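Here is what TrEMBL says about this protein:
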DOMAIN    39-345  domain 'DUF4401'
TRANSMEM  40-65  transmembrane segment
TRANSMEM  72-91  transmembrane segment
TRANSMEM  97-116  transmembrane segment
TRANSMEM  123-142  transmembrane segment
TRANSMEM  162-183  transmembrane segment
TRANSMEM  195-216  transmembrane segment
TRANSMEM  267-293  transmembrane segment
TRANSMEM  299-316  transmembrane segment
TRANSMEM  328-345  transmembrane segment
Amino acid sequence: MMGILAPLADRSQNLASRLQQLGITPTLATNASQAQPMPWWLSLLMALAAWLAALLGMAGLALLVQEPRAGYAGVLLAGAGLALMRGNGAARVFPQQFGFALSLAGQTLVALALAFDWRSEHVLLAYALISLLVSLPASPIWHRCLCLLSAQACAWAWLLNMGWPMAWTPPLITALALLGWLSRPGWTGRPQARWLQAWLHSVSLLTAGALLLQVSMPDMNIWLDHWTPDALPWLYRWRPWSCAALWLATLAWLCHDAGSGWRLWQLPAAALAALAWVMPNVLLALALTLVLFRAGQRVWLGVLLLTSLLLIGAYYHEMTLSLMGKSLSLMVLGTGMLAAAWWLGKAPHRLAHSPGDLQ
């Protein structure tokens, strides 16, 4: 028997060596079938099943909210969710989505447990800290994005409740987003790159939401202004100057990074800073749009362009100027946007072809 199998083994080895010399690597059919991606509808059904199972399983935990040890149960749920979200592949869709739901439920349970021990105004800060801690261990990027988004939103809401002026919230959030995207090449290869990338995605979405929220809800701004101690009038006077400075600093950074010297088009682009006294949030959205275009983020570029258009419409509706003043403002804004588009078209660095914007 061994005498019959030995020549066959030699022939198979010779065939494998010849295939390797020709650059042909044989693969098994099972590996090829495993490499095929799962259909989107099957992934969607598995995700829905995971969330339904998690909701049914956590329905009984509603009775534990007022218990003194509910926080420990929340910690266990969050830890179990992080453990289930480890690993990749099509077969991990159900465990990852189930772990995602458990993680969110655990965070909420811990925050509610702390709410019965702390004063009510500190609940937002507690939830922000919990979400920040849960985002630190290794997990899928969409889980980290949601945790960091909730952490930042709760932290800013806590600051506003403590008396932070609403008018300065969008400029500061935009400045953080600009700093993160502009400094991205410096930390791409570091071990914390995946966490920082998730933070960038979350702060970009938070920036778009803050810019729209401040313009679309003037009644809330008035309420927050009266809530602010003494209204801090000197902060409001310096807000347009800060928006203009952010726009000019972004243009200077991009021009220096592109290696371009003085050009005539930079005059109307710099003059666009005058919008800080009329449409400050539009100017902030355009600054972040330029940086996202430079970074090759197609998804966020579309989101910020849509945000800019919505802001222009909101400002146009709220402007108390005459029809001539509104028309001139839109003409100046359009001229600046055309100048920026022309510069981006002439820039030596084109839109990066990355495998995925949200990776």
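Backbone N, Cα and C atoms are what each Cβ position is placed from, and that goes for glycine too.
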Two-stretch contact, the transmembrane segment (299-316) and the transmembrane segment (162-183), at least three Cβ pairs under 8 Å: no
Ranked first among 123-142, 162-183, 267-293 for CB pairs under 8 angstroms with the transmembrane segment (195-216): 162-183
Contacting positions for the transmembrane segment (267-293) when only residues 6+ beyond its ends and CB under 8 Å are counted: 170-171, 174, 177-178, 181-182, 204, 207-208, 211, 214-215, 239-241, 243-244, 246-248, 250-251, 254, 300-301, 304-305, 307-308, 311-312, 315, 319, 329, 332-333, 335-337, 339-340, 343-344, 351
Surrounding residues of the transmembrane segment (123-142) on its own chain - C-beta under 8 Å, 6+ positions past either end: 78, 82, 85-86, 96, 100, 103, 106-108, 110-111, 114-115, 148, 150-152, 154-155, 157-158, 161, 194-195, 197-198, 201, 358-359
